[in-house]
Amino acid sequence: MLMILSAWVSMFITTSLAPPKHLWALITTQGFLISFSSISWVFLQNFNFSNPLFFIDKISGPLAILTCWLFPLTMLASQSKMRLEPISRQRVYITNNIFLQLTTLLAFTTSDLMLFFIFFETSLIPTLIIITRWGAQERRLEAGTYLTFYTMLGAIPLMLWLTKFYSTHGSLFQNFTYIMCITQTVTNSPGLFWAICNMAFLVKMPMYYFHLWLPKAHVEAPIAGSMALAGTLLKLGGYGILRTSPLFQKTTLNQALFIMLIAIFGILATALLCLRQTDLKLLIAMSSVSHMNLVISAALVSSSWSYSGAMVMMIAHGLTSSALFCLANTSYERTNSRTMVLLRGMLLILPLTGAWWLIIALFNLALPPTINFTGEMLIMVSLYNWSPVAFLIIALNLIFTTSYTLYVLWTTQRGSLPKHIKTLFPSLTREHLLLLLHILPGLVLMLKPELLLCM
C-alpha cells in the first residue's frame, strides 16, 4: 500500500519535471502502472489487509482499485482539448486530477474515521477547481457553489458526531465496524441517528431531493471532472453508508422508512426525467441519481445480498457511467453540442463508435449476463424478501431504464445527419482504447463476480 502511495506522490514530481512533449504519455503510463499494481490487493487474502494506517477489505478494496483504474482513463480522455492549452495550465490540470484521485483513494483505504472525514471533504477542493477553471460553460461558478454548499452543509452532522465520539471514547483509530457497533449500544434512536450521521453520504451519492448539485456539476465539468464524479466521488457516499451499516439492523428500518420511500421515489422519478431530457450529459447525470438511489434502498434493506448488490452496482455504475460520459465527449468534441437532436445520424459517420454506444447501452440497461445485471438481481431479490410491494414498484425502473437507454441510442445514432454539420474528423485509436478499458473490467467481473460480493 505504501509503495502505491509513493507512486502516486511521484506523479506530482513527474508532472513538474516531465518535458512538454512527453508529459501526457508519462503520466498516463505511470497511472496504468499504479492501476495494475493495485490489482494485487485482490490477492491480499481476498481483500483482507489492515495496519495502523490502512484498512482494505471487501468494501474498500474494489472501490480503491476502481479509483486507481479510472485515473489513467481520465488522462486519456482529456488529451485532445488540454493539449491546446499552455503547458503551465496542462501541468496544473494534471496536478489537480492527481490530487483528486489521491484523496479519494486515501478516503477509501484509511483506517481512521477522522482521516476518512478529512479526505472525504478534501476531495471537494480539486473537484471545485476542475469544474470552475476548466468547465466550458458560463454557469460553472454556479455549479461550483451548489457543489460546495450541499457537500459542506451535509457534512456538519457527521463532523459533530465524530467530535462527540472522540471526546467520549478518546480515539477514532479503530475498525469502522467495531466503532459503529459500540455506537449502536449507546443510542436510543438508531434509525434517526443513522439518518443524521449519513446525511453527508446521502448528499454525496446523492439521494433524491439532495441531488440538484449533481446535474449542474456534470454539465459544467470537463470530461475528467465528469468521469471522476461518476466513477469515484459518488461512491464515497455509498462507501460511507456501507461502513455505517452495522448501525442499521432490520428492526430499525421502520424508523427510517421515510428515507426508503424517498429513495424509491427518486429511483422512478429520475428515470422518468431522463425520458424528457434533450441534453446528453444531463440525461447521463440523472441516470446516475437513479442508480445511486437504488444503492441507498439496498443499503437500507440491510442484508448480505443487498450489501453485495450495492457494491456490485457501484462498481458497474462507475465503469458504465464513465464510459457514457466518454462517448458524450467524443460527440461534443466533433459537434460542439450536447443537444441530442443535433447529434443524430452518428452511426453513418462513425460506425465503430456506434458499436461502442450499443455495447455500453446494453451494459447500462443491465442485460444478462453483464455485471450490471448481477448487481440489480441481488438488489431486487433482497428487496423482494423485504417487501414484495416495494419490489414491484422498483421493478418499474427496469422498464424506465430500458426506455431512456434506447431513447439515447436511437436519438444519437439513427436518422439523417443534421444539415449544418459539413465535416467530422474520424474516431481516434485513443478513443477506442479508452472505451475498451472501460468495458474490459466489466467483462472480467462477469466471469468472477464473487470478487465483489460482501457475503
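Backbone N, Cα and C define each Cβ position, glycine as well.
Features of the protein shown, as given by TrEMBL:
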DOMAIN    1-106  domain 'NADH:ubiquinone oxidoreductase chain 4 N-terminal'
DOMAIN    111-396  domain 'NADH:quinone oxidoreductase/Mrp antiporter transmembrane'
SIGNAL    1-18  signal peptide
TRANSMEM  27-47  transmembrane segment
TRANSMEM  59-78  transmembrane segment
TRANSMEM  98-131  transmembrane segment
TRANSMEM  143-162  transmembrane segment
TRANSMEM  192-210  transmembrane segment
TRANSMEM  222-242  transmembrane segment
TRANSMEM  254-275  transmembrane segment
TRANSMEM  282-301  transmembrane segment
TRANSMEM  307-329  transmembrane segment
TRANSMEM  341-366  transmembrane segment
TRANSMEM  386-410  transmembrane segment
Residues from the same chain, set at least six apart from the ends of the transmembrane segment (59-78), whose C-beta lies under 8 A from its own: 4, 24, 27-29, 31-32, 34-35, 37-39, 41-42, 44, 47, 93-94, 97-98, 101, 104-105, 108-109, 222-224, 227-228, 231-232, 235, 239, 242-243, 311, 314-315, 318-319, 322, 326, 329, 430, 433-434, 437-438, 441, 451-452, 454
In contact by Cβ distance (the transmembrane segment (254-275), the transmembrane segment (98-131); 3 or more pairs under 8 Å): no
Beyond the flanks of the signal peptide (1-18) by at least 6 residues, Cβ under 8 Å: 26-27, 30-31, 33-34, 37-38, 49, 51, 53-54, 56, 68, 91, 94-95, 98, 101-102, 105-106, 109
